[in-house]
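> Dropping a structure here in structure tokens format, bear with me for questions.
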Amino acid sequence: MDEELYLISHASQMQYVCNTCGLVCSDDIDLKKHQLIHTDEKKYKCALCSYSSSENGKLKNHALTHTGEKPQKCPFCSYVCIESGNLQRHIQSHSGEKPFQCTVCSYTFSQKGHLKSHLLTHTGEKPYKCTLCSYACVRKGSLKSHSLTHNGEKPFKCNVCGFTCSLRWNLKKHMLTHTGLKPFSCTLCSYASADSGSLKTHLLTHSVEKPFNCPFCSYECARKQDLKNHMLIHTGEKPYKCSLCDFACRVSGGLKNHMLTHSGEKPHKCSLCDYACTESGLLKRHMRTHTGEKPYRCTVCSYTCSLQGSLKNHFLTHSGEKPFSCHLCSYTCSRHCNLKRHLLSHSNEKPF
């Protein structure tokens, strides 16, 4: 077994351990390099921008980002990159070989770095910590991406509509809105999406299992994060606050969408018409007007619809529940739009 990986998986016997964050290194040289991130010593500085590094080799690689040069080329495909290490890792994707195996479980990897990160999932250790908030993670790259959320930097730009974002993966997902490609398909129904995360969320609609229960009400869900978000309803906590107005909300996505109301930006654009909006979810719903897709199905009858809210309203026709009531008379109904029409009868106003 690779000595370095053995030492990582047997950390208690390891002597090259960072006394600041507990990161395990394979030798004294790697440990010294790592400890520079805690001292903030970055003596190698770029002459063209504010970039600085603790290692001269990293500065040399950074300089290539200004020239656009990518000297490392794959002999099997058109892939090019700046660093030789990235090329070596890429070449392994052609062989399909996964020589690095976890000693705790049967998971195998094509790259040593991926195994290192995986081993931390068994120990629970998250050595990379944000200096501005409580965020911690197992991969250095994840910390770099997270840091962009603090400085507002959005280095990745769409060459079709000008959309910018802080993560390369978000740009890849955005590009699919222009192509209309939905490579992730559900094996149980006709649902397809542009990203794997949306497919995972959709698959939960097929599962009746909801292991996470609210201790204060009857709410139950399939994802732990959904329960965390729900709990904020009971506490009233709204940790995400707008810096420009008094808006506050429970989830970070809500704040991101709200900020667009200040900038007037509508980054999500329909590829078939001139519709544009601030949220990806709104664009998904709009696209159904072009495709005719109706993914929401009633479990009692054959009714289908394009909006989840419409399905909820439809269910009331089966239960007989009428949650909307008139404050001027005894009228009740199952749909809000019906209540609006009814209220016009009190004002003698004609809806049409």
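Positions of Cβ are set from backbone N, Cα and C atoms, glycine also.
Annotated domain 'C2H2-type' per TrEMBL: 16-43, 44-71, 72-99, 100-127, 128-155, 156-183, 184-211, 212-239, 240-267, 268-295, 296-323, 324-351, in sequence order.
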> For the domain 'C2H2-type' (16-43) and the domain 'C2H2-type' (100-127), decide whether they are in contact, meaning at least 3 CB pairs lie under 8 A, counting pairs 6 or more apart in sequence.
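Contact confirmed: at least 3 Cβ pairs fall under 8 Å.
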> For the domain 'C2H2-type' (240-267), which partner among 100-127, 156-183, 184-211, 324-351 gives the most CB pairs under 8 Å?
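If we count Cβ pairs closer than 8 Å to the domain 'C2H2-type' (240-267), 156-183 scores highest.
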> Please give the sequence-distant neighbours of the domain 'C2H2-type' (212-239): residues at least 6 beyond its ends with Cβ less than 8 Å from one of its Cβ atoms.
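The answer is 201, 204, 248-251.
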> Who are the long-range neighbours of the domain 'C2H2-type' (156-183) in its own chain, taking Cβ under 8 Å and residues 6 or more past its ends?
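Answer is 145, 148-149, 192-195, 267-269, 271, 280, 283.
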